[in-house]
Amino acid sequence: MSRSQDRTLDLLSQSQAAALPVCRPPPLLPLCASVSLLGGLTFGYELAVISGALLPLQLDFGLSCLEQEFLVGSLLLGALLASLVGGFLIDCYGRKQAILGSNLVLLAGSLTLGLAGSLTWLVLGRSVVGFAISLSSMACCIYVSELVGPRQRGVLVSLYEAGITMGILLSYALNYALAGTPWGWRHMFGWATAPALLQSLSLLFLPAGADETAAHKDLIPLQGGEAPKLGLGRPRYSFLDLFRARDNMRGRTTVGLGLVLFQQLTGQPNVLCYASTIFSSVGFHGGSSAMLASVGLGAVKVAATLTAMGLVDRAGRRALLLAGCAFMALSVSGIGLVSFAVPMDSGPSCLAVPNATGQTGLPEDSGLLRDSSLPPMPRTSEDQREPILSTVKKTKPHPRSGDPSAPPQLVLSSALPGPPLPAQGHALLRWTALLCLMVFVSAFSFGFGPVTWLVLSEIYPVEIRGRAFAFCNSFNWAANLFISLSFLDLIGTIGLSWTFLLYGLTAVLGLGFIYLFVPETKGQSLAEIDQQFQKRRFALSFGHRQNSTGIQYSRIEVSAAS
C-alpha cells in the first residue's frame, strides 16, 4: 500500500471519528457545588425544624419541660456519637460512601420521626438524624475540598455554610405553612429527605475521591490541572499521631482545636438565644419579636456568608478570621455595656402543657408560643453544626389567681444597672444593642462560621483527615453543650452584662490565637499545605497577596518528641 493510500485511510478514519458523537463528562463543578449546598441545606433544616415542631409535639404528647429538653438534646447526643466514630468511617470507607450512607441513615431517622407515636420513638428518630447530619457535614467538607482545585476550594466548601443558613430559613417557612395542618409536624420532619435525595443523585455522577479523579484524565481539570500522585508509598497515621511531633501533627491539632473552641467560647450560641429579648426591647413584642429574630437574623447570616464566599479565595482565610473575630469582640462587648444602662430581663421560658388535648390553654402573656415559629426553651441555635440544648433555670412559680398552670419564669438580669436614663436615651441604647447583635451575627457568619471548617478540611494529611476532622468536631459539639448549659448559671453568678463582656474578652484571646497560630492557606493545593506543615510553620503575614512560591517560613521548635 502506497503512502498516499495510507494518508487517505488516516483522513477517512479521522473524519469518521469526528462524525461520532462525543461523550462529554457531566459538569463536575456544578455537581460539587450542589453536593455542598444540598448537604448544608439538609443540616440547617434538621437543626431548625424542631423550632416549629416542638409546640405541636408539646400539645399532642403533653411534654414537660424536661421531656422537651431531652427531645431537643437527643439530636446533640447523636451528633456527638457521629463525631466520635464518624472519622474512622470516613477514612475507612471513603468520603463519598460516608455521605451516601449518612443519607440512608437520615432517611431512616426521618421515617421514624414521621411515624412516631410516642416520645421514645421521637427521641430515637432525632438521635438517628443527629448522627446522620453530623457524619454528612464532616464527609461533605472533606470530599469537596479534596475534589476541587485551590481556586475553587474556598468558595465550594463555604457554600456548605450558606446551605445551612438557607436550610434554616426554609424550615421556618415550612413550619409557618404547616402550622395549622393536622399532624403537620410529621410533614415537617419528612421534608428533610428531599435535599438529601437530591444530594445522593448528584453524588452518583462524581468520582469517589481524588485518586479516582487522577486516574481519569477527563476529570483532571476539576483539580485545576494538578492531579494528586498515585502510589503505595503513602505514610500511615494512627489516631495517636494527632498528638505527636511527627509531621507537625501536634501543631495542626492545636490549630484545629483552637478554632473550634474559640468558635464556641465566644458565646455565639447564647447570643443568638437572647436575640428575641433584644428585639423585644426595641419594640417588637410577642410573636413578632421572635419571628423577626429568626427570619431577620437568618437573612443577615445568608448575606454575610455569601460575602465570605466571595472573599475567602481573595482576601484569604486568615484575613476573614481576624476581621470576624475582631468585630465579634467589639459587638458582644457593646451588648454587655448597653445592658449595664438598660436592664433587659424578659428572657424566654419553658412552658409545660399539662395535657395533650390539643387546646392551648396558655396564659395570656405567652404570645411567643402562640404566634411564633420559634419554640419555647429549649431551642436550637440558628447556626450550622451548633445545636443548642439550653437549660431553663426555674424560679418559684407565682401563679395568678385562678391560673394554677402558670409556668415558671426564667429571669435574666444584668448586673449593676446604671442610673435611670430618659426614655429617648433608653431607645437609643436598645437600638445600639440591636445593631451590635446584627454586627455580631454578620461577623460570625463571614469569619468563624465558614472558615473554621474550610481550614480543618485543608490542614491534615489525606490519610488521617477524616479522623482528625471528627476529633475536632467532637470538641465543637462538647464545647457547644458546655457553653449552652453554663449560660444561665453564669448570668446568675456575674450578671448578664459581665457575661457578654466575658465573651468579648474570649474573642480578643481568639484574635491573638488566630494571629499567632493560624496560617494562610489560600491559593495552595492540599499537597503543598501538607508539605509545608510537615517541615515548617507558615510565616505569619497579613494584608498582602501570597502565592505558594513566595511564602516565607520559620521552623517550629519542638521541646520533646512523643
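Indices start at 1 and increase along the chain as displayed.
Glycine is treated like the rest: Cβ placed from N, Cα and C.
Feature annotations, courtesy of TrEMBL:
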type	residues	note
DOMAIN	32-522	domain 'Major facilitator superfamily (MFS) profile'
REGION	355-409	region 'Disordered'
TRANSMEM	28-50	transmembrane segment
TRANSMEM	70-92	transmembrane segment
TRANSMEM	104-123	transmembrane segment
TRANSMEM	129-148	transmembrane segment
TRANSMEM	155-178	transmembrane segment
TRANSMEM	290-312	transmembrane segment
TRANSMEM	319-342	transmembrane segment
TRANSMEM	431-456	transmembrane segment
TRANSMEM	468-488	transmembrane segment
TRANSMEM	500-518	transmembrane segment
Margin query: Is the transmembrane segment (468-488) in contact with the transmembrane segment (70-92), using at least 3 Cβ pairs under 8 Å (sequence separation of 6 or more) as the test?
Written below: yes
Checklist line | Positions whose Cβ lies under 8 angstroms from the transmembrane segment (431-456), at least six residues beyond its ends | finding: 137, 141, 145, 153-154, 157-158, 160-162, 165, 255-256, 259-260, 262-263, 266, 268, 271-272, 275, 278-279, 281-282, 297, 300-301, 303-305, 307-309, 311-312, 317, 320-321, 323-328, 330-332, 334-335, 338-339, 342, 344, 383-385, 468-469, 472, 518, 521
Next item on the list: For the transmembrane segment (468-488) and the transmembrane segment (129-148), check the count of CB pairs under 8 Å (sequence separation 6 or more) and say whether it reaches 3 or more.
Entry: yes
Check: Do the transmembrane segment (155-178) and the transmembrane segment (28-50) come close, with at least three CB pairs under 8 A (pairs 6 or more apart in sequence)?
Finding: yes
Checklist line | Beyond the flanks of the transmembrane segment (104-123) by at least 6 residues, Cβ under 8 Å | finding: 42, 46, 57, 61, 63, 67, 70-71, 74, 129, 131-133, 135-136, 186-187, 189-190, 192-193, 196-197
Notebook entry, point to check: Could you give the mean pLDDT over the domain 'Major facilitator superfamily (MFS) profile' (32-522), rounded to a whole number?
Noted result: 78
